[in-house]
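Reading through the structure tokens given below for one structure.
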Amino acid sequence: MALTVDVAGPAPWGFRITGGRDFHTPIMVTKVAERGKAKDADLRPGDIIVAINGESAEGMLHAEAQSKIRQSPSPLRLQLDRSQATSPGQTNGDSSLEVLATRFQGSVRTYTESQSSLRSSYSSPTSLSPRAGSPFSPPPSSSSLTGEAAISRSFQSLACSPGLPAADRLSYSGRPGSRQAGLGRAGDSAVLVLPPSPGPRSSRPSMDSEGGSLLLDEDSEVFKMLQENREGRAAPRQSSSFRLLQEALEAEERGGTPAFLPSSLSPQSSLPASRALATPPKLHTCEKCSTSIANQAVRIQEGRYRHPGCYTCADCGLNLKMRGHFWVGDELYCEKHARQRYSAPATLSSRA
């Protein structure tokens, strides 16, 4: 329906548009502001703008149409093409409840007739029953499961899921002639694994006669995935270094001979591997605190070791690990305090 609308100005006019030549759609009103000028002029969402102030809007770009509407003098004259179809939330002037009720009943009657025609087209039992092997086929009863294996819909979803979350709850228990995997939650179907048989095998699992149980072949992909998930969850192993350290600490607490713990700063043993493992040497003893060094040791001289925390200046307590030490008598000093005790630098012996 073609009509002309005059929107009183000035701008803004109170509506939005969409479409244009660049969108390959006609220019259409998409939103009208409440209590706006376009609302007062009876402009509605869904109206197609044919002309703006007498100029055809068929070949206009979206930005061009926006510019002409914004810069239009008052009043803004729009030639519209309004569809007769009623949009949701609008009645196109039909405010009578009887008219609306009649339209609603007519739409309901149309829907009912379409459903009846659909049911009549599928009235044949063969057309309604799904084909064998389809995912929508219902599982047969337990009495008819004699020749061909069947699988329930719940197990199909378990087998087709990529992550197999239910496989974490499977636990195997011994059984004569088969192994049974029971799900952790009560009410779930159990999975039975049959030993390989000499006859031809079916690619699908079968149902057990006890009811609700599924039979899996050991060569099936589902069973292999379940086995891989179980083997991948093995308990973490303790590292050999940590085990040696733990044994050394326990032996030291008991007052016995601690086991040998190799260190990056300790001298490497020249004994064969078999002899070194059989009779491990003692741990190094710190010459300052007279305790065993269980982890890292600082080698000062041949047969003299200290903890990294005990390798300090005898005067100021500065750690000498990254600085080196100076001997003054039988004590270790940093460079500053060693020079204070000896004025002649030639008498100092240093070790970097």
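Our numbering is plain: 1 for the first residue shown, then up by one each step along the chain.
Cβ coordinates are placed from backbone N, Cα and C, and glycine is handled just like the others.
Database features, via Swiss-Prot:
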- 81-95: compositional bias 'Polar residues' (COMPBIAS)
- 111-135: compositional bias 'Low complexity' (COMPBIAS)
- 1-84: domain 'PDZ' (DOMAIN)
- 284-344: domain 'LIM zinc-binding' (DOMAIN)
- S124: phosphoserine (MOD_RES)
- T126: phosphothreonine (MOD_RES)
- S127: phosphoserine (MOD_RES)
- S129: phosphoserine (MOD_RES)
- S134: phosphoserine (MOD_RES)
- S137: phosphoserine (MOD_RES)
- S143: phosphoserine (MOD_RES)
- S161: phosphoserine (MOD_RES)
- S197: phosphoserine (MOD_RES)
- S203: phosphoserine (MOD_RES)
- S213: phosphoserine (MOD_RES)
- S266: phosphoserine (MOD_RES)
- 67-97: region 'Disordered' (REGION)
- 111-149: region 'Disordered' (REGION)
- 170-213: region 'Disordered' (REGION)
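The domain 'LIM zinc-binding' (284-344): residue composition by secondary structure is 7 helix, 19 strand, 35 coil, according to DSSP. The predicted model assigns the domain 'LIM zinc-binding' (284-344) a mean pLDDT of 83.
As a summary of secondary structure, the domain 'PDZ' (1-84) carries 16 helix, 33 strand, 35 coil according to DSSP.
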